[in-house]
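For reference, the structure is listed below as structure tokens.
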Amino acid sequence: MEALRELRVGFIGAGRMAGAVARGILQAGEVQPVNIFASAPSNTNLDKFKSFGCRTTHCNLDVLKNCTLVFLSTKPHILPLVLQEVAPAVTPKHIVVSMAAGITLKTLEELLPAGTKVLRIMPNLPCVVQSGAIMLARGTCAGEPEAALLKRLLSNCGLCEEGPESYIDSHTGLSGSGVAYAYLFSEALAEGAVKMGMPAAMANKIAAQTLLGAARMILETGEHPAVLRSAVCTPGGTTIRALHELEKGALRATVMNAVEAATSWAREMGKR
Ligand SMILES: NC(=O)c1ccc[n+]([C@@H]2O[C@H](COP(=O)([O-])OP(=O)(O)OC[C@H]3O[C@@H](n4cnc5c(N)ncnc54)[C@H](OP(=O)(O)O)[C@@H]3O)[C@@H](O)[C@H]2O)c1
């Protein structure tokens, strides 16, 4: 396997998610900025890559010519056209990684030359602050070495888990969209405190820190969230009264329904 110092990594599409992943890869320090190549039609986002010390182009084929591992990071509706354009330049040495929502491995493999090593990743927005959650799935010709290389590359973008492709849709419902549920919950927590008299700016900061701290405890202790929650509930105390209100509002069932709705829609998009 190519050492990471020599690995040339490309991004076709240089927007928000490509920038976040590139920043994570660079901060891990193993890939050299000059070995990262990004393409996009305009300079709007390429300037950010230039500021990282990466090389940029307006020609997608240049990325294929110069890189071994290539992220496909355009919006999903543009990807089929981009694949048509770049497919003739894809060779057996390439590893192609799509981050486009709703474009299946089967579609990617059909639009690329037979035998191409293809993988899918589904990142989420906090990759921007290197605290993302990424799901990875391999195509039929991508093996353990390609998955291992990708996981090593993404190690600084956040948590990276591998699973069958069907998990990508569940991950979208759980984590891709889940970020928005967390923001809504954070906002609601803060508004409760504002109602009780705390200034909004302070309440928003404390609500966010509360979510961060609670999440870190789940990950760092390895405990089931129910165990941690129960430890906060003094019998007859404040927390159990609040939890009773949340149960009356069916928070748990509502959140499960939300994950199901987003996952089902992600699945539906993959069939189109
Ligand atoms: N944002 C998220 O939270 C998130 C989460 C999971 C997955 N994703 C996936 O990540 C992908 C990128 O999303 P994003 O939010 O980063 O989008 P974005 O910020 O809109 O970036 C899209 C990029 O694609 C470029 N582009 C447009 N047409 C192109 C073409 N023909 N050839 C090459 N590049 C082209 C754009 O060029 P210009 O710079 O010239 O506009 C831009 O750099 C999507 O497929 C999305 O499903 C995003």
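Every residue gets a Cβ built from N, Cα and C, even glycine.
Annotated features, as they stand in TrEMBL:
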BINDING   I12, G13, A14, G15, R16, M17  NADP(+) binding site
BINDING   N60  NADPH binding site
DOMAIN    8-102  domain 'Pyrroline-5-carboxylate reductase catalytic N-terminal'
DOMAIN    165-269  domain 'Pyrroline-5-carboxylate reductase dimerisation'
Where A14 (NADP(+) binding site) and the residue listed as 'NADPH binding site' are concerned, what is their Cα separation in Å, rounded? 11
Could you check which of the binding-site residues G13, G15, R16, M17 is the closest Cα neighbour of the residue listed as 'NADPH binding site'? G13
Those same-chain residues, other than I12, G13, A14, G15, R16, M17, found with Cβ within 8 Å of the centroid of the NADP(+)-site Cβ atoms are F11, A18, G19, A38, A40, N45, S73, T74
In this structure, the one of the binding-site residues G13, A14 whose CB has the fewest other CB atoms within 10 Å is G13
G15 (NADP(+) binding site) has how many other Cβ neighbours within 10 Å of its own Cβ? 16
Look at each of the binding-site residues, I12, N60, and point out the one with the fewest other Cβ atoms around it within 10 Å. N60
Counts by DSSP class (helix H/G/I, strand E/B, coil) across the domain 'Pyrroline-5-carboxylate reductase dimerisation' (165-269): 89 helix, 0 strand, 16 coil
At a 10 Å cut-off from the C-beta of R16 (NADP(+) binding site), count the other C-beta atoms across all protein chains. 14
Specify the count of other C-beta atoms within 10 Å of the C-beta of M17 (NADP(+) binding site). 22
Please work out the helix, strand and coil residue numbers for the domain 'Pyrroline-5-carboxylate reductase catalytic N-terminal' (8-102) from the DSSP assignment. 43 helix, 19 strand, 33 coil
